[in-house]
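Lifted from TrEMBL, the feature list:
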- CYS135, HIS137, GLU171, HIS195, HIS399: Mn(2+) binding site (BINDING)
- 215-313: domain 'Peptidase M20 dimerisation' (DOMAIN)
- 1-22: signal peptide (SIGNAL)
Amino acid sequence: MERILVRALFFIFPFLISSALGTEPPLELSHLTLELLESARNPKFFDWLVRARRKLHENPELSFEEFETSQFIRTELESLGINFTWPVAKTGIVASIGSGAHPWFALRADMDALPIQEMVEWEHKSKKDGKMHACGHDAHVTMLLGAAKLLQQRRNELKGTVKLVFQPGEEGRAGAYHMLKEGALDKFQGIFGLHIIPDLPIGTIGSRAGPFMAGSGRFQATIQGIGGHAAWPHKARDPVLAMSSAIVSLQHIISRETDPLDSRVITVGFVKGGQAGNVIPETATFGGTFRSMTVEGLSYLQKRIQEVIEVQAAVHQCNATVDFMEDKLIFYPATVNDEGLYSHAKKVGEHLLGGESNVHHLSMVMAAEDFSFYSQKMPAAFFMIGVKNETMKSGTPLHSPYITIDERVLPVGAALHAAVAISYLDEHSVGSN
C-alpha cells in the first residue's frame, strides 16, 4: 500500500505544484497530436478545408499578383477572430495567435501559382487560362488556415505567440526575401514550413537535418556574331557554333572542376538561334539554371559560367554578354534545416503519424525553395508531406499540368502545423526547462 501511495504522489505532485502556481502542465505530446488530428478530421472541419482548397485551386494567381488569394485568407482569418498585418511584400499576411508574448514561433505557407495550363478535367479545374496551382500552394494555404483554426481554439493555452506567415512570390520571385526585408519576421525565434510531395504516400512526411535543398541562380547569354548564307560560312561568324561550344564547355565545370562528392548542377534549359536552315543568324541566345548546396559553390559557378561563355564566344570570333538577372530573380540560398528544430518537428510527426516509419529521412535535393531565406535568419525546419494515393493516380510530379492530390492531406498538415507550434512554445516558454 505504501508503495502505491508513493507512486500516486509521484504522478500527482507536478499537477499540485502547477495548480499552486496558477499554471497548467503542457499536454503530453501523444495526447496533443491525437486531439489535434481528431479535430482536423472531424467531418465538418474537413469539409471546410476541402472547400477552401478548391476555392483557391479554381482561382490561381501568379507571384505578387495574389490579390484575391490574399483577400480570401484575410476573410477567413477575420471570421476566426485572428488579428493580422497586411499588406506585407505587396500581398503577404502575417497573423498572430496567442498572448503576444515571446517566444514567437512562425508557420509559413506560400500562396502563388504557376503559368501552366491545367489539363486535369474535374469540377474544380482552374478558371484562369494559363494559370494553375501545380505546386500545391493551394494546399499549403489551406493547411495553414486549418492550423489557424486549431490554434485559435487553444489561444488561451498557448505559452507564447504563433505567427502565421502567408507569403507571396515563392516561384522564382523570392517572396520570402521581401517579407524579411520589410521586417515582417523580426524577432521570431523559429519557423516551420510544409510542402506537398507526390513521391510520399498520404500520412507520411520527410526531411533531413542540415542542408536539404539547393541554392540556385539563373542566367541568360546572348552571343553576337555576323550573319550570312549557310553556303559561305567563312564570311560569317557563327553564333550557333559558339553557343554549342559554350553549352558543352559549361558541363566541364561540373565534371572536371567540381569535387565528385560535392553537389552542383548547371542546366541549359532553352536555346534560340535562327529561323531558316540555310541562314547563319547574327545572334544566338540560351539560358538556364545553376545550383549548389553552398553560397561559395553558387558564387564559383556564377563566375565560371560567365568566363566560359565569354571565352568560347571569343574562340569563334564572336562576342557574348551574360545576364544573371539578379535585379529580377534574386539568387536563392540553400535551405538548411536547424538540427534542433528538425528533431523537434520529427518527434512531433512521429507522435502524430503513428511512429518512426511514417517520418522519412530524405536525401538532399537540387530543387530550390525560398524558405531558405528564413533559414538564414532564424532556426528553421522545412518538411515534405506526402499526397500520393495509388488509387487516384496522385503521384504526378510537381509543376505538371496533370498533378492531383489526395485532399486527406489537409487535416494532417493542419494538425502537424499546430502541434509543432504548440509543443515548441511549451518547450521554449519563459520558465520551462
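A Cβ is built for glycine as well, from the same backbone N, Cα and C atoms used for every other residue.
Annotation for the binding-site residues HIS137, HIS195, HIS399: lowest Cβ count within 10 Å of the residue's own Cβ, HIS399. Taking all protein chains in view, 21 other C-beta atoms sit within 10 angstroms of the C-beta of CYS135 (Mn(2+) binding site). Within its own chain, GLU171 (Mn(2+) binding site) has LEU62, SER63, ASP112, ALA113, LEU114, CYS135 as residues 6 or more apart in sequence whose C-beta sits under 8 angstroms from its own. Those same-chain residues not listed among CYS135, HIS137, GLU171, HIS195, HIS399 yet with C-beta within 8 angstroms of the centroid of the Mn(2+) site C-beta atoms are ASP110, ASP112, LEU114, HIS133, ALA134, GLY136, GLU170, LEU398.
Broken down by DSSP into helix, strand and coil, the domain 'Peptidase M20 dimerisation' (215-313) contains 41 helix, 35 strand, 23 coil.
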